[in-house]
Amino acid sequence: MDLQKFTQQVQQTIADAQNLAIASEHQEIDVIHVFKVLLTESDFAKRAYDVAEVNVEALQKVVDESLRKIPVVSGSGVNYGQAMSQALFQLMRDAEKEQKQLDDDFVSTEHLILAVMDQKSNPITVELKKQNKSKKQINEAILKIRGGKKVTSQNAEENYEALTKYGRDLVAEVRSGKLDPVIGRDAEIRNVIRILSRKTKNNPVLIGEPGVGKTAIVEGLAQRIVRKDVPEGLKDKTIISLDIGSLIAGAKYRGEFEERLKAVLQEVKQSDGQILLFIDEIHTIVGAGKTDGAMDAGNMLKPMLARGELHCIGATTLDEYRQYIEKDAALERRFQKVLVPEPTVEDTVSILRGLKERFEIHHGVNIHDNALVAAASLSNRYITDRFLPDKAIDLVDEACATIRVEIDSMPSELDEVTRKVMQLEIEEAALKEEKDPASERRLEMLQRELADYKEEANKMKSKWESEKSEISKIREVREQIDHLRHELEEAENNYDLNKAAELRHGKIPAVEKELLALETENREKTAQEDRILQEEVTENEIAEIVGRWTGIPVTKLVEGEREKLLKLADVLHQKVIGQDDAVQLVSDAVLRARAGIKDPKRPIGSFIFLGPTGVGKTELAKALAYNMFDSEDHMIRIDMSEYMEKHSVSRLVGAPPGYVGYEEGGQLTEAVRRNPYSIVLLDEIEKAHPDVFNILLQVLDDGRITDSQGRLIDFKNTVIIMTSNIGSNLLLERTEEGEISPELESDVMQILQSEFKPEFLNRVDDIILFKPLTLADIKGIVEKLVEELQIRLADQEITITISDNAKAFIAEEAYDPVYGARPLKRYIVRHVETPLAREIVSGKIMPHSSVEIDLQDKEFTFKVTE
């Protein structure tokens, strides 16, 4: 018996049968062991018996029973599973005879299945006879599966019914109602039909960005085939979507993948043009299976495509088409391109309206039309790195899922009451142990309170459950309508006019009437009373999801946020002292953006802050970030002194291809891509190389920039602040009592214009001059710094108060108009914080104490009170 004459699956079956015999402590490998393995592991054996209409479960029971009857030999030195039984030898010899009869090159699984029928006393044959199955019937089933193929390779079993194994029948899926409806895209579908109807080169390839609906076009074609809304040549055709993953998966040996693909192509060829093969992500076929000098899968397609034996529809993205298919001119020539553009916002709304019902049925919610319009427009405006309609469909789906989760989980109000009941029950159990009068009185009060809470919890629970059941009932009726409509479509396609008339004029209107009554009743109840559950998906839910994905607040302004925005200028005035004009201009820009009246094609605001060092330019940017986002993390700070050389400019948008760091992206572009709603602070811009400003031109004008990877980065939701010290010497010398004269402003602007190009300055919203700080401003800053120190000491519960004399002394001593507020910080650290720290460490100032800081003979004194 030559094992090389067996297919790999038969060889594996014998090896597994031996392992089974060893595990079961059987001395010999028998036919029963082989069939136990075949019935559990071989897809072909199960399929053959299924086609022959054998009761496989009954057969498996017989095999298991027979296995249990084989005697178990135990003891030391026993060799398990080392010999083949006489019956198994006979089976192998009979299988070889079957192989010769069928004119095959190798012994495969089907020969074993046929050979066992010659062993009349074998339990398997006895069971099959009991089920009235003859060898002839099983042989017919095998020939049906083989479809005229011979066993010419050691992987033969892998290649039977290849299309069923490695593909999905889209037309069958449409008939069973598994696919969503395809709305629009009529021009592209017509184009595909036109190409498919050609005599030669009748292979369209759909090219478009990811998410624009390439696969949906093929699904739309399948739906048209089912509706018979196609030319005569395409009627009754089948579209098989090839699953590349399952085609490649498990192909262990060289050539196995090609063999599977060849089997698929052979089946398509034998169908005489009845099967249209759809290969999604067709670029994966080009080069698949290619090893040194080996022929790849793409080359296997070429001859069949050229001869018109293969009707193929491909789909791939623009980048991958260029990268893989355009390089292979011979393959590209055999395909006809169909460009699939991104749909407009209006088209996307139509697509969403068509899918609305499917989402409502799946999630059991009610979607408002304004939610669909919001999904299309907001996704187009804020989610710039993806394409319509995919991103809009995802938004609607996630908003529906959010509402569904809220319906299914316990409402927060009920959850609170339930927790309160649990807390009181624990307290009650503890008080029952106490016997003193005070505890008994407390117990009595607690029991009354507990009874009230329990009653409230029960009321809320019953209300929640009744609302939930109402929503479920509406969902069930919607599902029923969907099922009836699908039946109607099927009846019309099959020309079953009686059934179609009964459904159209009888069943469907009756169920629709029931749904209308339920929805009306539900709406009336909602209007009359406060509902615990919300089942409506509105534009607010969509805006919330956009905010969650991008970090950009697009929801309608709530009361708390209105207050915060209106008071933004006042809050910034407290943080940045003495720069009223700058604060007002920045807060106005944020206000315009949040009210939705800013130019949607430009950043929220772009400013140049000019002024001497230490007057609050960077501090204002930090304060704005803190007030807009409650943290300074949303501020992207880039020190322009790092971009002084020409070659360092590329670091902003990423290194060019071929250079180190190309994959990492740019420091500015990556930061904004991850955080599209943020403040971009470009510190000390006069230190940067002039080429940096060329990059910033389109950012300031169009709110967008292309990084080194070719991605479009959106700056439309950023505040761009640039700081500079240009003209600070003039501001220091000629500012009178904190006011900047028009002449001084004009002189500073002239210096600025000599430093920067006019096209750069012209694109900035505002150039703001920061005034040098006066002594009065410095006193205000002392207050602020003392407050910050107080916050740092709050952890140790130490409170400090500082006398007016001490504050005035600090302001006078530390005031230097040239250096602004920074010397003030240094002075407080040296003369207040350091002595204070020494007192705390020495134990003179303990936690929970108050410290009064005063001035005596130009020295600071610390008076501690408990």
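Each Cβ is built from the backbone N, Cα and C atoms, and glycine gets one as well.
The annotation region 'Repeat 2' is assigned in Swiss-Prot to 84-148. Sequence annotations record features per position, and here Swiss-Prot assigns ATP 1 binding site to G208, E209, P210, G211, V212, G213, K214, T215. Annotation source Swiss-Prot lists coiled coil at 393-527, citing similarity to another entry. Per Swiss-Prot, the feature ATP 2 binding site maps to G611, P612, T613, G614, V615, G616, K617, T618; the stated evidence is similarity to another entry. Positions annotated as region 'C-terminal' by Swiss-Prot, on the basis of similarity to another entry: 773-866.
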Between P612 (ATP 2 binding site) and E209 (ATP 1 binding site), how many Å separate their Cα atoms? 50
DSSP-derived class (H/G/I helix, E/B strand, else coil) of V615 (ATP 2 binding site): coil
Across the region 'C-terminal' (773-866), DSSP labelling yields 54 helix, 20 strand, 20 coil
Which chain-mates of E209 (ATP 1 binding site) that are at least 6 residues away have a CB under 8 A from its CB, listed by sequence? T317, L318, E342, F387
Looking at the binding-site residues G611, T613, V615, G616, T618, which has the shortest Cα distance to G211 (ATP 1 binding site)? T618
DSSP helix/strand/coil residue counts for the region 'Repeat 2' (84-148): 46 helix, 2 strand, 17 coil
Do you know offhand how many angstrom separate G616 (ATP 2 binding site) and P210 (ATP 1 binding site) by C-alpha? 46
Starting from the Cβ centroid of G208, E209, P210, G211, V212, G213, K214, T215, the recorded ATP 1 site, name every other residue in that chain with its Cβ within 8 Å, sequence order please. A216, T317, V340, E342, F387, D390
At the Cα level, what's the spacing in Å between P210 (ATP 1 binding site) and T613 (ATP 2 binding site), rounded? 49
Binding-site residues considered: K214, K617; fewest surrounding Cβ atoms within 10 Å belongs to K214
Comparing local Cβ density (other Cβ atoms within 10 Å) for the binding-site residues G208, P210, G211, G614, G616 points to G616
Using DSSP and three states only, what is K214 (ATP 1 binding site)? helix
Lowest 10 Å Cβ neighbour count of the binding-site residues G213, P612 is held by P612
